[in-house]
Structure formats: structure tokens, C-alpha cells
Amino acid sequence: MLPRHSCSLLLFLLLLPSVPMEPQPPSSTLPPFLAPEWDLLSPRVALSRGTPAGPPLLFLLEAGAYGEPAGAPANRSRRGVSETAPASRRGELAVCDAVSGWVTDRRTAVDLRGREVEVLGEVPAAGGSPLRQYFFETRCKAESAGEGGPGVGGGGCRGVDRRHWLSECKAKQSYVRALTADSQGRVGWRWIRIDTACVCTLLSRTGRA
């Protein structure tokens, strides 16, 4: 014999109206952009529905501190380009010339584990059209026809004594956060390498650094 309160509970449950379960919408194949991820974004990465009009604020502040003016766009895949220029002090020159701009057509990159991944063109956004990923990269200025000499990519560094040193201007890379897919199609936020500076590398001609 069941206790009286158990019988009452059983009768109550049997008399409850059945509640229809609404079908759950299929989950998106792309992971949502969670709020904590914003803290991991680099100023060199922009998530926007259109190409950014100018360099990141942090870059502008640094450029202003060193007296570097902004230039004109170089091509369709690099917007808001600026080139390093001589500082305001007379006689000062950069060891290596660099050019910076938004890369709008990046398709692949190398992740933190050294694997090539696909950089997704769109990032899902709640309540609106997806966002696109843009990367503000800094590279060594390419040597132009008739403008050879030190300070350009692949060339020697400006102001280095060639009798004692071998020098070369090379791009330096840093890691930034981006939405990517690996070779198995797994989508996720990963750290990828992009060009962020043009630096001078030195090698002693005598074999000693």
C-alpha cells in the first residue's frame, strides 16, 4: 500500500497536460563568437562588414609618436596602406623600410603548431549578416625598379658596415587570433602568424655575431 502523499503525487503527474516539445534548430557549423574572445583579439585584426577605412588606433598612436605619415592604398588586397618615413629629426633614417595595410584576401596561414590552416572569410554574428576578417600587416617594402639599395625587403640594412657584417631586411611575424579550419574541416579560433614588422638581421663576416 502506497502512502497517501505518494498516491496524490502519482495522480497529479498523470493528470498533467502533455507539453509539446518544439523542435530545436540545427546548430551552426561555425562556433559563435563568445564575448571572452574579444579579449584575445589583436588590434591588427578587425571583424567588420566592410574594409576598415584606416589603420588601427594603436598603430596611429605609434606612428604619430615616431612621425610616420599615412599614405595611399597600394592595391585591392591591401587597404589603408602607410609607409614608414624618416623621422622628424634631421638625418634620421629607418634601418629597414616597411609598408603596412589591411590584407583583405588572406586565405591560408600557419597556426601555433606549424600547420597550414584555412582562414575563413566570414565570422557568424548574432542577429545580422556575418562579419569578415581583416588583418593589418606590416611587411618589408619591396624593391621597386630604379629604387634599389639598402633598406628594402631582401636587401641589406641601411647604415650597416658591409665590410664586417652581412645584413638583410626580413619580415617579422607575430601570432593573432583568427577563425580558421584545419585540414580535417574542424572550425575553431586559432593563433595564426601574420607579418607585423620589418627588422634587420645581422651576420658577422668573420662567423662571430
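Even glycines carry a Cβ here, placed using N, Cα and C.
Worth saying up front: this structure is predicted, and the values here are computed from it rather than measured.
Feature list (source: Swiss-Prot):
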- Cys96-Cys169: disulfide bond (DISULFID)
- Cys140-Cys198: disulfide bond (DISULFID)
- Cys157-Cys200: disulfide bond (DISULFID)
- Asn75: N-linked glycosylation site (CARBOHYD)
- 1-21: signal peptide (SIGNAL)
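Shown are the disulfide-bonded residues Cys96, Cys169, Cys200; of these, the residue with the fewest other Cβ atoms within 10 Å is Cys200. The disulfide-bonded residues listed here (Cys96, Cys157, Cys169) include Cys96, Cys169 as those with a Cα within 10 A of the Cα of Cys140 (disulfide bond).
Close to Cys198 (disulfide bond) in the fold, though at least 6 residues off in sequence, lie Cys96, Asp97, Ala98, Thr138, Arg139, Cys140, Lys141, Gly153, Cys169, Lys170, Ala171, Lys172, each with a CB less than 8 Å from its CB. Within 10 Å of the C-beta atom of Cys157 (disulfide bond) sit 23 other C-beta atoms, taking all shown protein chains into account.
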